[in-house]
Amino acid sequence: MSQVQSPLTATNSGLAVNNNTMNSQMPNRSNVRLVNGTLPPSLHVSSNLNHNTGNSSASYSGSQSRDDSTIVGLHYKIGKKIGEGSFGVLFEGTNMINGLPVAIKFEPRKTEAPQLKDEYRTYKILAGTPGIPQEYYFGQEGLHNILVIDLLGPSLEDLFDWCGRRFSVKTVVQVAVQMITLIEDLHAHDLIYRDIKPDNFLIGRPGQPDANKVHLIDFGMAKQYRDPKTKQHIPYREKKSLSGTARYMSINTHLGREQSRRDDMEAMGHVFFYFLRGQLPWQGLKAPNNKQKYEKIGEKKRLTNVYDLAQGLPIQFGRYLEIVRNLSFEETPDYEGYRMLLLSVLDDLGETADGQYDWMKLNGGRGWDLSINKKPNLHGYGHPNPPNEKSKRHRSKNHQYSSPDHHHHYNQQQQQQQAQAQAQAQAQAKVQQQQLQQAQAQQQANRYQLQPDDSHYDEEREASKLDPTSYEAYQQQTQQKYAQQQQKQMQQKSKQFANTGANGQTNKYPYNAQPTANDEQNAKNAAQDRNSNKSSKGFFSKLGCC
């Protein structure tokens, strides 16, 4: 699921922010600049829609039997698939009681790192917080965990793409102010986010009061940084594994240090510069593997001066990043000071935070439109392909040749190269066609081997005609994957059984090729057996049976 927010700016005075004056309570926001005596509509967070379900608590019990398999949680009807990611699959849905749209997240129950249950708990903690979607249901349906929450609009990343991968300073300032407020509210609930990125900030749905309000979603990485009752901060640690998105994560996170509130604030600073510049200096770095790539990104961040990053931009953005990078591990960020610092940018430009954003100017002033900006992504609302960088490159240097001889020679070379490339392509296509035909023949043979009844083949052929965005198609894919996993496990078990000797021990090697243990190995094995016997006797003696 995906989303959006509004930015803020600051003055060239390099406004100093005293981080020591902040306490752990929410700061007073009365100093935020007002338009005509009121906060701009875009800076208000509207309350979540009431779905009138009677009880919004999630159900942990298994699904009840129903005639309609497209209904989950008793009254949420599954619509089309609108997104897919590492967590699972996202569907559009409808609350059948009141007809309001919802988002339904599916996560395989046997996934290695399940997140939906933790995410549901976080939504419960944040219930009623402005800019946080309301949760309606959590439970198990078949092979999946399911979470039902508010359906929102596109993400800031989507809008960034639609706007040509560059936001105006005014838009960035207004978005930044909203982002800071959202993270402040999260921190006030004793949580840190740990995965700040544009994809996780969404705007509302069109036609709603919060259509341009920024929301925060996807709390799978969120973590408590202090005890909710005692307010005792977690201890500082090092050698921690990386959590978050490398492009935006803080320098301390790259260094393996425990994350706290300061890391969320620094990651937001990187997002602000991403919106202003179009890309960050540490994007596109190459490395043999991810570990080395993350190290190179972290090193580039350390070596890049914040004011070099802000060159040609309002200096307040560089000042913000400098301040938050100097926060101590347990220090409370000065959220209000940061908002005022960034809003001062608008004062310098003679602008106001009036709730006007770049994406509102799209399509002749009609704003973003899914019928035009249409390419499904993780959040369901898509963005067009990024600008083609190759198209911006200059033409080949061969155009500098002006004489006919040069042109003729160049054209001959080009024709020869094209002919060679065409011949190679035809040869490759022929090989691929042969391989495809062989694979299809083998698949057909396997199908009739496993399912000699023609009716099964007809059902499979009919099922393949399903709409790929439908829930039925997703169910079919899930069942096929599950069947393949089961078949794989059975094959592994059969192989293991075939290699098992009479004493039940697995013969890892062919009988004639069994390795012989030397004296040192025999002594080591004997010692292990003695220790095992001692431990087992000790266990049973506690039960009084030995």
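All residue numbers here begin at 1 and follow the chain in the order shown.
Cβ coordinates are placed from backbone N, Cα and C, and glycine is handled just like the others.
Annotation comment: Swiss-Prot describes 1-67 (among others) as region 'Disordered'.
Per Swiss-Prot, the feature compositional bias 'Polar residues' maps to 1-33 (among others).
What Swiss-Prot lists as N-acetylserine is Ser2.
What Swiss-Prot lists as compositional bias 'Polar residues' is 44-55 (among others).
Residues or ranges marked as domain 'Protein kinase' by Swiss-Prot on the basis of sequence analysis: 76-360. Averaged over the domain 'Protein kinase' (76-360), the predicted model reaches a pLDDT of 95.
For Ile82, Gly83, Glu84, Gly85, Ser86, Phe87, Gly88, Val89, Leu90, Lys105, the entry in Swiss-Prot reads ATP binding site, with the evidence type sequence analysis. When secondary structure is read from DSSP and collapsed to three states, Leu90 (ATP binding site) falls in the strand class.
If you look up Swiss-Prot, you'll see 373-425 (among others) marked as region 'Disordered'.
Here Swiss-Prot flags 412-425 (among others) as compositional bias 'Low complexity'.
Per Swiss-Prot, the feature region 'Disordered' maps to 443-546 (among others).
Summarising the annotation, Swiss-Prot assigns compositional bias 'Basic and acidic residues' to 453-465.
Residues annotated as phosphoserine in Swiss-Prot: Ser455.
Swiss-Prot lists Lys465 with the feature ubiquitin cross-link, giving a large-scale study or a structure entry as the kind of evidence.
Look at Swiss-Prot and you will find 475-496 (among others) tagged as compositional bias 'Low complexity'.
The feature compositional bias 'Polar residues' is assigned by Swiss-Prot to 497-530 (among others).
Swiss-Prot lists 533-546 (among others) with the feature compositional bias 'Low complexity'.
Summarising the annotation, Swiss-Prot assigns S-palmitoyl cysteine to Cys545 (among others).
Taking the Cβ of Gly88 (ATP binding site) as centre and 10 Å as the limit, one finds 21 other Cβ atoms among all the protein chains shown.
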